[in-house]
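Asks: What follows is a single structure, and I will ask about it in a moment.
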Amino acid sequence: MASWYINRTFFFDVHPPLGKMLIALSGKLTGYDGTFPFEKPGDKYEGAKYEGMRIFCTTLGALIIPLTFLSMWEMTKSLDASFLGTLLLLCDVGFLTLNRYILLDPILLFFMSCSIYGACKVHSHTTAGSLPFSPRMLLWQIFLGSSLACTMSVKFVGLFMVLFVGLRTIADLWHVLGDLSKPVSLTVKHLIGRSITLILWPILLYVFFFWIHLTVLNTSGNGDGFYSSGFQAVLRGNSLHAAAAPRQLAYGAILTLKNHRTGGGYLHSHHHLYPAGVGARQQQITTYTHKDDNNRWLVKPYDKEAVEGVVVVRSGDLVRLTHVATGRNLHSHRERAPLTTKYMQVTGYGEEGIGDANDVWKVVVSGGADGDEILTVRSKLMFVHYLQSCALTTTGKQLPKWGFEQQEVACNHNLRDKNALWNVEDNIFDQLPKMNFSVYASGFLERLIESHAVMLQGNAGLKPKEGEVTSQPWQWPINYRGQFFSGSAHRIYLLGNPVVWWANLAFLGIFCVVFVTNSIREKRASAFGVPAPNNQCKLLVSARWQCCCWLLHYVPFWAMGRVLYFHHYFPALVFSSMLTGTLTIYLLESIRSYLSPELGRTLYHCIMGLIISSTVYSFYLFSPLAYGMSGPMSHEPNSTMTGLKWLESWEF
C-alpha cells in the first residue's frame, strides 16, 4: 500500500495510516517508484527497489529487543530477569520471521515497545517523587503520549496499549493520593499534566497523521466507492471532482444511487440471474462499492415511458427505475431475499423497461414532505415498494460467488430501516442547468469521522479470502498452526519457537498459582514467618502488570467476529515472554532463599545455564523456518525437517 501513497492514489484499508505512510516514506527516500503491487509475501520483486522499505521495517523490529530489555529493567531492576525475558523474545523464530518482511507488524510492535518503556519511565519518576511539571517528567510523558498516538495510528489494536497506560496511570495517581505526607494538590497537578500529555497531545498527533493521510491521497482510486459522495468530491480524477450536475432530479435522467450506510455501495445489476432455489430466477440486484456502468439507472414515471419537457421528480412520486445496461426494471415481490430471509427479494424484471405493477416504487425524501424536490447528493431518499409497502435496503451481507461477493439488496417492511436511505450521486440530464459538485465536498473533520466509520465497519466485517489460512485465538498460545510466507522452493513458515511458546504458556499457569499463593501469604504473613524480600515483591508486582498486559492484548480477540490470523498474537507474545523471564527469576530467588548460600548460588546458575542453552539451541533447530527451507517437506522422505514436526498441524 506504500505504492498508493507514492502515487498519491486514494485507497480503502481497515487500518489507520501511519505505518503505511512510514513504509512509503522509506521507499520514496530509497528510490522505490511505487509500481510493484505487493500482493502477498514471497512475491518476486523483479527489479523493484524494495530494500529501503525492508531495512526500515527490520530496523524497527530489531529495536524492539533493546526496548524490551530496558522496559524489563525499569519494571524489575533485575538484570537476570531483563536478560532472560529479552532472550526468549530474541530467540523466537516467529518474531524474527515477522520482522524480516515489509509489514505493519514490526512498526506496531516497535511503537508498542516504546509505549511500554515510556509508561515504565513515567512510573519510575512518579515513584521517585518527581514533580508533575518538571522537565524530565514532562519529557517522558510527551514521549509516552507520542508513542501511544503512533501505536494507535498503525493499527486499532493499539487501543489495548492505551488501556494499559490508563490503568498504570490510575494506579500511579492512586499511590500519590494515598501518600498522606503530600498535599492533594500534588495529585491534581499530576492529573492535569497527564491529561494534557497522555490524552490531549496523543489525540492532536493522531488527527495530524490523518490530516497528512487525507492530504497526500488526493487522487481517485479503487476505494472511492466505500465513501460518501461528499468525500469523493474532494478526490482528483473522481467523477464528482470539479464536475457539474443538475441540482434537481428530473424524469428521464440517468442516475446512480449510493446507499447511505457507512461504506455503502451503489445500487447495481448485471445480466446474471439468481440461481435456482434462491427466490425467483430473475436478474440479480446488488450493491457494489466500485464505480461501474452497471450502476446506472433511468428514472421514469410509473405509468409512461417518457414525459414531455422537463418534469422534476418530487417526494411522494411513483416511479420506475430501469437498469440502463440491461433494460430490466427494479422489482420486488413476495419471494424471500437470498440471505436475509425475513426480507423480500429484489430483482430486475421486464424487457426494455416494460414490466408489471411490482416495478412501481414511491420515492420519499427522509425528513421532508410530499412535493419536495429531489436534490442531487443532498436528499436522503427512501424507495418504498408501492404494492408490498417495503423499503429498498441493503443488508451489508456478502453474497456467495454466484453473486460475485457483492452485497445483498432486499426489501424491508420496517420503513425505519437506517440502511434504506440512498442519495443520487451521478445525475445525467442535459436539459437542466448544472451546479458544481465542489459545493457538496466534505470538510476535513467530516472526512476524518467518515474514514473511521468506514474503517471500523470494514474491520468488523473482514472475511477470509479463498485459500487463506486463518486461525482462532485458542490456537495461538499453543502454537497450533503457522502460516506460509513463501511457498516457493525457498520456503518461509511463520511459526513460533515451540520451546519459548510452550514455556510461556506454562508460566502463565504457574503465575496464577503463585499469585493466589502469594495473596494468601500476604494475608497470613504471621503464619508464614519473615515477609518476602523487597526485590521479590518488585518482581511479583512486575509480573502482575505483565500478565495484565498479556490479558489486554489477547482476551479481546475472543469477542471479535472478524477473521483472525496467527500474527495477531505477537503483541501478547512480548508480554508473555517478559512474564516468563520475571517469574523464572522470582521462583529461582525463592528457592535460593531456602538453601545455603553456596548451594543456592550453584543451583541458580545451573538452572539459568540450562534455560539459556535450551532457548538458544531451540532457536538454532527451528531457524530454517525463518531463514528459509529447501528440499522435501517434513512429511516427505529424506526431509531434514522431519524430526522438528512436533505437531501434526504444522505444515512445513
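Each Cβ is built from the backbone N, Cα and C atoms, and glycine gets one as well.
Bear in mind that the values here come from a model prediction, so they are computed numbers and not experimental data.
Below are the features listed in TrEMBL for this protein:
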| type | residues | note |
| --- | --- | --- |
| TRANSMEM | 55-73 | transmembrane segment |
| TRANSMEM | 79-96 | transmembrane segment |
| TRANSMEM | 139-170 | transmembrane segment |
| TRANSMEM | 191-212 | transmembrane segment |
| DOMAIN | 246-302 | domain 'MIR' |
| DOMAIN | 310-366 | domain 'MIR' |
| DOMAIN | 372-427 | domain 'MIR' |
| TRANSMEM | 499-518 | transmembrane segment |
| TRANSMEM | 569-591 | transmembrane segment |
| TRANSMEM | 603-622 | transmembrane segment |
Asks: For the domain 'MIR' (310-366), jot down how many residues DSSP puts in helix, in strand and in coil.
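Replies: The domain 'MIR' (310-366) comes out at 3 helix, 29 strand, 25 coil.
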Asks: Three or more CB pairs closer than 8 Å, sequence separation of 6 or more: does that hold for the transmembrane segment (499-518) against the transmembrane segment (191-212)?
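Replies: Contact criterion not met.
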Asks: Could you check whether the transmembrane segment (603-622) and the transmembrane segment (79-96) come into contact, where contact means at least 3 Cβ pairs under 8 Å with the two residues of each pair 6 or more apart in sequence?
Replies: yes
Asks: Are there three or more C-beta pairs under 8 angstroms joining the transmembrane segment (79-96) and the transmembrane segment (139-170), sequence spacing 6 or more?
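Replies: Since fewer than 3 Cβ pairs under 8 Å link them, the transmembrane segment (139-170) and the transmembrane segment (79-96) do not come into contact.
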Asks: Treating G and I as helix alongside H, and B as strand alongside E, what does DSSP give for the domain 'MIR' (246-302) in helix, strand and coil?
Replies: 3 helix, 28 strand, 26 coil
